[in-house]
Amino acid sequence: MDDSPDNPGAASPPKPVQGRDPWAALQRHTAARIALGRAGASQRTVSVLDFRLAHARARDAVHASLDLPALARQFAQHGLDAELLATAVSDKAGYLLRPDLGRRLDDASRERLRDLAARWGRRDLAIVISDGLAAQSVARHAVETVTRLVASLGADGWTVYPLLLVPFGRVKLQDEIGFLLGARHSLMLLGERPGLGAPDSLGAYFTHRPRPECTDADRNCISNIRPAGLPPAAAAGKLARLLTESARRGTSGVALKDSGGGAASLS
């Protein structure tokens with residue numbers, strides 16, 4: 001048969017097995033899984049393997065442990081003292097299965113904190129650090145974030161308690177700790193739930209006048225603190241700005257919004 005273009009019965013040229021996605025140029029702007037291309041009607045093998053690797057890293061991040069004594073030594077090198085406390089959770093399995101136990105101190109730590117509160121007196125900010133669901137995020141980013149924040153607030157006259165390092169803590173734990181200390185603000189830093197491609201995101205939550213009855217609506221959150229997201233230096237600056245505005249206005253949570261510029265605003 002004549003396969004020339006002039007012959008209407010000529011066979012069409014075969015389509016390529018691998019196709020380039022028309023959005024491929026957008027890949028340079030994000031680490032998200034876009035424009036992956038194809039192999040026939042399926043995903044490319046390299047894309048499937050990369051997805052499985054990211055999923056495995058996310059699972060490992062959840063189950064990883066944090067060396068709190070080593071973290072305390074790192075803070076000490078920056079002139080920041082730290083105290084180790086404990087929640088009502090004793091292991092990772094309990095932390096994952098009983099979120100309620102991660103929201104409160106165990107009895108021994110509660111009594112110890114009362115004694116420390118009497119010794120320290122009332123201060124402006126209590127900083128609580130826990131492993132959360134991504135211990136490596138704390139190990140990688142907490143020291144820079146906290147040291148920059150404390151330096152910035154200290155220059156404005158803020159008083160900060162020694163850092164409180166607590167394994168297996170949930171966000172609400174800061175309410176009990178801040179209340180027992182009588183702190184004007186409490187700030188909780190912990191590892192966020194890992195995403196595919198983001199197993200090291202640190203989250204920061206703060207509350208004005210922390211107390212047991214506080215809810216999520218009373219807290220402000222800054223998330224995705226990591227070099228590929230919000231770098232620690234930028235996160236520290238944002239936290240300092242929001243905390244300063246929170247103290248000035250006497251509120252936090254849904255009533256306090258970050259305008260994205262040099263100031264915060266009331267909603």
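Each Cβ is built from the backbone N, Cα and C atoms, and glycine gets one as well.
Owing to the predicted nature of the structure, the values given are computational and were not obtained by experimental measurement.
Feature annotations, courtesy of TrEMBL:
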- V171, E192, C221: adenosylcob(III)alamin binding site (BINDING)
- 1-22: region 'Disordered' (REGION)
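Overlay of TrEMBL annotations on the structure.
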residue: V171; record: adenosylcob(III)alamin binding site; CB count, 10 Å: 20
residue: E192; record: adenosylcob(III)alamin binding site; CB count, 10 Å: 23
residue: C221; record: adenosylcob(III)alamin binding site; CB count, 10 Å: 13
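The adenosylcob(III)alamin-binding residues named in the record, V171, E192, C221, extend over a maximum Cα to Cα distance of 11 Å.
Surrounding the centroid of the Cβ atoms of V171, E192, C221, where the record places adenosylcob(III)alamin, the chain contributes additional residues within 8 Å, namely G132, M188, L190, G203, A204, Y205, S223.
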